[in-house]
Each structure stands twice: as C-alpha cells, then as structure tokens.
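*Asks:* Sharing the features that TrEMBL gives for it:
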DOMAIN    1-436  domain 'Major facilitator superfamily (MFS) profile'
TRANSMEM  21-43  transmembrane segment
TRANSMEM  49-76  transmembrane segment
TRANSMEM  88-106  transmembrane segment
TRANSMEM  118-138  transmembrane segment
TRANSMEM  159-182  transmembrane segment
TRANSMEM  188-208  transmembrane segment
TRANSMEM  237-261  transmembrane segment
TRANSMEM  273-294  transmembrane segment
TRANSMEM  367-394  transmembrane segment
TRANSMEM  414-434  transmembrane segment
C-alpha cells in the first residue's frame, strides 16, 4: 500500500479506456447475471437441491467469499507490477472465472450427497474467481483518472456495458437453453454457460490490454494496520457502506425471485424473458442520462431520484399483482430508476477513497473497494438465504402447482421486501454529505500532489 501521486500519463486514449473498462463489466454480467437470475432456480428445479439447502449454501459461500474480498483488497494494495496494482488481476482471473462458471452449471451423476458437495465446491470456487476480477474493477477507477467528471463517464460506460451483458443473458438464456438442450434443461443451461463463459474470458483479456493506471503510486510503504486505520473516521464511507446492504439486497431479492414469480404466480413463464429483458435494457436509459443529471446536481440527489423511480415502479407492480400490463409498466419504471441509481452509485464509490486519503494521508482504494464488495456479497448471501427460508415457510415445491402460502412467499421475495429495502436505502443516504465537500477535497489533494 502506498500514498498516491500522479507520476505519468501514457498513451491510451479516453475512449479506448472507457470501452476497455466497460468490457470488464460486460464480461462479469455475461456470467454473474446467470448466477443472480437462474442459479437458485437451477439448483432447486434442475440440479435437485432443496430450497433450504440452497439457502445455507448461499449464506456459507457468501460469508467465506466476503472474507476473501477483504484479503483481495489488501493484496491489491500490496501489488506493484509494471501493469499497475489492479490491472494484472483481469489477466490472472479470466480463465478461472470462465471455467468455474461452466462447472457450476454442470449436473454430475453422483447422488444427492455428492451433488451437494459438488455445488459447494464449484459455487465457492466461482465466487472466489469473481472476487479476483470484480474487486479490481472498483479499485482501479481512482487510478484511471483523478478527474471527477471522467470518473462519472467511466462509471456510466461501465454500467452501459453491464446492462448490455445483463440484457444478453436475460433475453437469450431461456431460448438458448431450449435450443441447446434438446429437451434437457440441464444440458441447455450447461451449453449456454459455455458460450457466455468463453466470451467473458476473452473480454477480460481485452480489458487488460485497453486500460492503464495513469494515476501512479509513490512507493511510500504503508502497513496493513495503517490502511485499516485510514478507514477510521471516514463517515461518508460508513454511510455508503451501510447503504450497500439495502440497495443491493433489494436488487438480489428481485433477481433471484423473478423466474419463480412469472412461472408460478402469474402463470406466464414466457414473461420472465420479457421482464428480465426490461430489467436489463431499460436501465441503460437511466445510465445514459446520469452524466446529464450529475453535472447539474449533487450525486446524492441523482441517487435519490433514481431510488424514488425504482420504488414507484415496485409499488405499481405490487398493486398490479398478476395483471400483466401493470407488471410491465411497473417493471419499466423500476428499471429506469435502478439504472440511474446504480450508475451514480459506481461514480460515488471512488469519492470516499479520496476523502479517506485527504483525512489520513493514506490511500486505501483496494481495501475500501474490497470491503464494499464484501458488503455487497453479504447482501447477496442474506437475500438468497432469506429467500430460501421464506420459500420453505411457504411450503414451496418445485415443478408443481403452488399453495397460496407459497405464492405469497414468492411475492414477498420478488416485490414486497425489495420495496422495503429501497426505502431503507433512501433513509441511509439522506445522511450522505460528501458531495458538497468533495470539490475542495479534490483541490487540496491535487495541491499536495504538486507539492510532492
């Protein structure tokens, strides 16, 4: 870990870097969107695990993986190569991430106990590989540029590519499963993941070639203890970190329950493709307009506007119940709000890093990004675990007509709990005040760099 200064600016153009940076999240979403949308359904309805087994699996894996996130952050902060600190891991993690994604969607013929062990090994391995490529995406942003507007553009580009990847998975997965499976969903999911994993792996190689850590580091060694002490007193980050639980918790509840809701509550499994496509394509509109809003108002205000739109869409869907028109309208409104909120979230993520350096003199980009990732994975774990528990409470049974309790459980997971979490997210972010202070903080940091 080191203190920062701008030592060199090399030749990669802004647009080349934007596309390279965005391609990493396209790669991530081709694989991880399969996990958030379909893995729980794959485990319960195809692989043959009980909902409660999946709940425990998700919880255990996320906790272990969350610890790995923090360790990954420390590793990034201690890394010094000719390629930079974060960039090397796009190269190193690409093949393991793709290979383990394929194995996660394979159904071995080894009996119930063997399958459960296999699921733990492959899902945990995939999650650790995801950490290896995903944490650097966040930690590298402060090193790509020190310009606040360019950070927003990079974050926006990243989100556009992410939504493209999510849209591809949302729209094409089930048709590909049917086409490639030849009547076998297990084979269909496996070969679909093979396609996405190969493309994702190649995209990570592309990212590695087309990003550059322009904001270089002075080799002033800082201990791990000093890095964690640098988090002390970073109130903007505390608020931001707590918000991650609620913001991403809402998202993961919806994603994991979508296919259940349209299959069993609405009785239109074909609509799962449509709504998943809306949830992937419409957010791009919110993402595209984010720079327009952020140049005219505080980032927190943009976040709140996106959250209100997201909540309004959820409310429409709750009252629509199984009315298809109402569900489609609500999903469009909710998706626009999510795109606006998520895009500005990734832009905001770098700002508490600068605040911490301004306050303590120590840059902890890797650790902060890792802890943020850890909290996000805790949110994913808790959402998955609680979803499974609620399905068990409702006596959910795979591939059969569901009871009224099971239908209620699915609706709670898909709409009601996400709406509550959005409200809590807005309450937490109402205490975030860094936007007003940030221009002066950035000015002082730049002055320090010139002095050095």
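Each residue, glycine too, has its Cβ placed from N, Cα and C.
Can you tell me where each of these features sits in this structure?
*Replies:* Cβ atoms under 8 Å from those of the transmembrane segment (88-106) belong to residues 24, 27, 31, 34-35, 39, 42, 76, 79, 81, 122-123, 125-126, 129-130, 132-133, 135-136, 189-190, 192-194, 196-198, 200-201, 204-205, 207-208, 211 of the same chain, restricted to positions at least 6 beyond its ends.
Beyond the ends of the transmembrane segment (159-182), by six or more residues, the same chain brings 22-30, 33-34, 37-38, 188-189, 191-192, 195-196, 272-273, 276-277, 279-281, 283-284, 287-288, 290, 339, 342-343, 346 to within a C-beta distance below 8 angstroms of the stretch.
Proximity of distant same-chain residues to the transmembrane segment (367-394), defined by a Cβ-Cβ separation under 8 Å and at least 6 residues beyond the stretch ends, is recorded for 1, 36, 40, 50-52, 54-56, 58-59, 61-63, 65-67, 69-74, 76-77, 127, 131, 134-135, 138-139, 227-228, 231, 237, 240-241, 244-249, 252-253, 256-257, 260, 349, 352-353, 356, 402-403, 405-410, 412-413, 417.
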*Asks:* Would you kindly list the residues that approach the transmembrane segment (237-261) from elsewhere in its chain, counting only those six or more residues past its ends and only Cβ-Cβ distances under 8 Å?
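*Replies:* For the transmembrane segment (237-261), the nonlocal Cβ contacts are 36-38, 40-41, 231, 269, 272, 275-276, 279, 310, 338, 341, 345, 348-349, 352, 355-356, 368, 371-372, 375-376, 378-380, 382-384, 386-387, 391, 396, 410-411, 413-415, 417-419, 421-422, 424-425, 428-429, 431-432.
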*Asks:* Please work out the mean pLDDT for the residues of the domain 'Major facilitator superfamily (MFS) profile' (1-436).
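*Replies:* Within the domain 'Major facilitator superfamily (MFS) profile' (1-436), the model's average pLDDT equals 87.
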